[in-house]
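Participant: The active site, charge relay system annotation in Swiss-Prot covers 76, 151 and is backed by sequence analysis. Marked as active site, acyl-ester intermediate by Swiss-Prot on the basis of sequence analysis: 175.
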């Protein structure tokens, strides 16, 4: 059951060959056994999870089930869930129990899914390695010495180690796709505005987007069918006709024009990653796809642009955490200003403080025009590069990350090297485009490599179809980490 797809689990549940209670108990037992080492989950609540499973079993018995009813899911700890500790990986929210559900959580609850727990993450989603969490680093299940990627490292680890059949993630500059690649699973960041951000704790509001993480593209399609939809509580939510992301999965891909940006295949990519990506592209050639060289000339500016805009928005968003209404509050203070200063100094970690300082600096008088406005102009140029590229191709492909997972602690003292982990993913984020990563093989030290697929706006169904066809002729997505398979 641990390796079953969501469709297979759905069939077993609907045919009453297993109950949701049995399935949930099996995953909870596995979490208990493996989580002390992997640290993928911050919070588990067996009683709550089993209560939800019991409700799901009743839904199935009454004939009121959906394709996802009874299936457990892990929620990234950035999503508010009523009655659950919701920490965002920070000391600042270490005692915060959410009084309401995020729309994403609410939609999965209504579909009858079971919340297995809240997964570990980089503090306030700021990080590329899941090392900035107040709750300690997450280990990569393929190699316990390696990082799982970030910021959705707990979710990626949970799916890869079969602690959960699916998980939610959030992506600001690559936080779904990068950990999906480094942990050998599938993950998709939809077009900005497709998935509601209501109840998803904000990092950079013009970039943040929730999305699913699972073993395969087919699983992602099933999850997106529930996740996507207009929400009037989110002012950036898009109102579009409902789409079924599973209906075109089997379409042939012959004649598909795949764009290969020359900038993505230049220096910076390690040879082991390059070899895996070349082999993946060869599979698409066999499937009948054609390749077109395209150019994204401003992509080299994506990381500096991202690290001006995202911290600027973060410095504003995180100003709400001051110890007054909720969250951590310093024990001793002499005035209101002292309360603010000590609470934020003690409650935020080093990386979060660094980004707040950068953001405050680029928004300050005298630097706003030089940094923030310039970055906004360059962001538009990056989006324009993609517009021109998509006139020549249907999809864009390349590596998700320049290297395989690095070792825990390797880049902690070098923020610039850490930030460059987002070099391929931040471009799509800045343009608001959908991007996904699927497992494509293994590089050095037998660590996973991800293939990055970028689609035009609202082309998630096409991306999932293209990924699914690849997964029908390869088995990378079915492999399990050796130390966690039993």
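Placed from the backbone N, Cα and C atoms, the Cβ positions cover glycine too.
Just tell me what is around each of these and how deep it sits.
Facilitator: Secondary structure at residue 76 (active site, charge relay system), as computed by DSSP, is strand.
Every protein chain shown contributes to the tally, and the Cβ of residue 151 (active site, charge relay system) ends up with 34 other Cβ atoms within 10 Å.
According to DSSP, residue 175 (active site, acyl-ester intermediate) is assigned to coil rather than to any helix or strand. Counting Cβ atoms from all protein chains shown, residue 175 (active site, acyl-ester intermediate) has 37 others lying within 10 Å of its own Cβ.
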Participant: Have a look around residue 76 (active site, charge relay system) and count the other CB atoms within 10 A of its CB, chains all included.
Facilitator: 33
